[in-house]
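J.: Attaching a single structure in structure tokens format; questions to follow.
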Amino acid sequence: MAQSLSFLLALSLLAFVPLCFCDKTLGGYLYPQFYDHSCPRATEIVKSVVSKAVAREARMAASLLRLHFHDCFVQGCDASILLDSSKNIITEKRSVPNQNSARGFEVIDEIKSAVEKECPNTSGGPNWEVPLGRRDSKGASLSGSNNNIPAPNNTFQTILTKFKRQKLNIVDLVALSGSHTIGDARCTSFRQRLYNHPTKFDNSYFKNLLAYKGLLNSDEILVTKSQVTKQLVQQYAENTELFFEQFAKSMVKMGNISPLTGSRGEIRKRCRKINSINQTA
């Protein structure tokens, strides 16, 4: 059974939104009810903004998923990808994986503005039982963005190594690759070959892989370079519910990569600039 786009947004944005929307963290750890008292309407606000953004452009769901992925694989999930270049910061937006590719920043800005209006000096990123309370980094890493994010032309072993560095395993690799069931590739010559602008989050990605219709090399190698990943692809192609269950677990796991909590990092007033710059602007 295919899931609607609205379900995907609940998974993607609500997992990503905690970045740049953090309040004080009690005890320096994350937990799902973090904003229940400080900003109880945070979840509602996030869903509303995201729903409107996807209604305007269905592709935005995939773009926001990708932002979350690209942020977490560089310095952990700390919203460093949102920072623009400044005197002391070279933005990660200029890296090879992100330049002319990463998008959806204006949706994050819109959410930040709406949540700040509702709950000044705090912002909430609710979830699907994703532990909350992340704080924002005070810097970015262009080299980390260039080197840590898996690339479409990487070998299977290179991609697996990059996942393992983030304490993600081979099951997480296959499950998270399933997010490719939606969205567009950058090369326009590929777009109509396989995905045809899908707007439903389902397991068709895995079915296509078994038919050797993977769009990118990083897709195809899941069925050509490892028996373990091929077996997982087969399982997810046959069982949508199993894929959804593991995808959710892997998203939560990825969202917990090296979060800044307690007194580390800061709570940005504007997602694209660290506070010291905001105060002098």
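Keep in mind that glycine also has a Cβ here, set from the backbone N, Cα and C atoms.
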J.: Among Cys20, Cys22, Cys39, Cys271, which cysteine does TrEMBL link to Cys119 through a disulfide?
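T.: Disulfide pairing in TrEMBL: Cys119 with Cys39.
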J.: Per TrEMBL, which of Cys22, Cys77 is disulfide-bonded to Cys72?
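T.: Recorded partner, per TrEMBL: Cys77.
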J.: I'd like to confirm something. Which of the binding-site residues, Asp78, His180, Thr181, Asp202, has a Cα closest to the Cα of Pro150 (substrate binding site)?
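T.: Spatially nearest to Pro150 (substrate binding site) by Cα position is His180.
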J.: Output, ordered by sequence, the same-chain residues six or more apart from Val74 (Ca(2+) 1 binding site) with a CB under 8 Å from its CB, or 'none'.
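T.: Correct list: Ser80, Ile81, Glu92, Ala140, Ser141, Gly144, Ser145, Asn148, Ile149.
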J.: So which other residues, same chain and not among Asp71, Val74, Gly76, Asp78, Ser80, Glu92, have a Cβ within 8 Å of the centroid of the Cβ atoms at the Ca(2+) 1 site?
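T.: Output for this site, in sequence order: His70, Cys72, Phe73, Gln75, Cys77, Ala79, Ile81, Ser137, Ala140, Ser141, Gly144, Ser145.
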J.: A 10 Å Cβ contact count, applied to the binding-site residues Asp71, Asp78, Glu92, Asp202: which residue has the minimum?
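T.: Per-residue Cβ counts within 10 Å for the binding-site residues Asp71, Asp78, Glu92, Asp202 bottom out at Asp202.
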J.: Counting across all protein chains shown, how many other Cβ atoms sit within 10 Å of the Cβ of His180 (heme b binding site)?
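T.: I get 23 for this one.
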J.: A 10 Å Cβ contact count, applied to the binding-site residues Ser80, Thr181: which residue has the minimum?
T.: Thr181
